[in-house]
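According to Swiss-Prot:
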type	residues	note
DOMAIN	28-258	domain 'Radical SAM core'
BINDING	CYS46, CYS50, CYS53	[4Fe-4S] cluster binding site
BINDING	CYS90, CYS121, CYS181, ARG256	[2Fe-2S] cluster binding site
Amino acid sequence: MTLQQIKEIYLRPLTELILKALEIHNKNFGNDIELCSLKSIKTGTCPEDCKYCPQSGHYNTSIEKHKLLDKDSILAEAKNAKDAGSKRFCMGAAWKHIPKKDFDQVAEIITEVKNLGLETCVTLGSINADEATKLKQAGLDYYNHNLDTSREFYPEIITTRKFEERIETIRNVANANINVCCGGILGMGESLDDRFNLLLELLQLPAAPKSIPINTLIPVKGTPLGDKYTNAQIDSFELVRFIATTRILFPQARLRLSAGRENMSLETQTLCFLAGINSIFYGNKLLTENNATVNSDNFLLAKLGLKSNAELC
């Protein structure tokens, strides 16, 4: 696949693009949707300078910071998530690298969440090959490490971690036979070509991502992008085009509509589902920011006749 071919897919007439994406989607997944829950297990004081992130220690935001949560409180959240219908429990920690003193505790938490009958996913920053192997042994199913944006636009967003470092972590994850969860953020001021290049980078990863989070910028006051923009710099039609193009390029990946969904109308979310979205974060909180409410999600899923994959098991 070339950059020009990606452009040609994206620029098809919108109805034609959505119909093609829906055809591929139905062939591979049918009418199910994956419900995932996300918990911030360590919040704030991150040494990274990601310009969108309220957890960065470089910026003055109003988030409530905390060290790694105790195991029992995390397991209680995981049980609640399972009871609510989630299939996967995702745990995020605001680290550049996981500290050695916390590694064994995180591995133990992964094992115990797995024992609850949930799929496990973590995002812990960069990890080396040995750490990836140990996480796999602990029972980890997915490791999330987003590229965020194109290689070209990346230095405008992050300077404390090189783009190639992200690729290396994904390589370590793939070599440990952990499923790769990798996507990006739209609406940070990137160009259309940057979005095409992000898709090309995802196609060229060491292993094809099984899960692709598609985020839109949530401008948080105190962050550089939050002080620059009042909303994500992408309209609904561009978002739907991006999702449909992603579905065509990744026919067997779970596409997760992630950050920013709270600000989307039910009609926009419906178009996103038609274009290929088949996974959402389910719950009122998304790390430090609000998510679409459970009641709103239940209403929309019922209206559309979508069944969670937990119901289909």
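Placed from the backbone N, Cα and C atoms, the Cβ positions cover glycine too.
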Reduced DSSP assignment, CYS90 ([2Fe-2S] cluster binding site): strand
For the [4Fe-4S] cluster site built from CYS46, CYS50, CYS53, further residues of that chain with CB within 8 A of the site's CB center: GLU48, ASP49, TYR52, PRO54, GLN55, SER56, HIS58, ALA94
Separation of alpha carbons, CYS181 ([2Fe-2S] cluster binding site) and CYS46 ([4Fe-4S] cluster binding site) (Å): 21
For CYS53 ([4Fe-4S] cluster binding site), the number of other Cβ atoms found within 10 Å of its own Cβ: 27
Output field, [2Fe-2S] cluster shell: CB within 8 Å of site CB centroid, site CYS90, CYS121, CYS181, ARG256 dropped: CYS36, LEU38, ARG88, THR123, TYR142, ASN144, SER211, PRO213
Spatial separation of CYS53 ([4Fe-4S] cluster binding site) from CYS181 ([2Fe-2S] cluster binding site) - C-alpha basis, Å: 19
Lowest local Cβ density among CYS50, CYS90, CYS181, which the record lists as binding-site residues, within 10 Å: CYS50
Inter-residue C-alpha distance, ARG256 ([2Fe-2S] cluster binding site) and CYS53 ([4Fe-4S] cluster binding site) (nearest angstrom): 19
For CYS46 ([4Fe-4S] cluster binding site), the number of other Cβ atoms found within 10 Å of its own Cβ: 22
Inter-residue C-alpha distance, CYS50 ([4Fe-4S] cluster binding site) and CYS90 ([2Fe-2S] cluster binding site) (nearest angstrom): 21
The domain 'Radical SAM core' (28-258) [mean pLDDT, rounded to integer]: 95
List of residues, in chain order, with Cβ under 8 A from that of CYS121 ([2Fe-2S] cluster binding site) and at least 6 apart: CYS36, ARG88, PHE89, CYS90, MET91, LEU140, ASP141, TYR142, TYR143, ASN144, CYS181, SER211
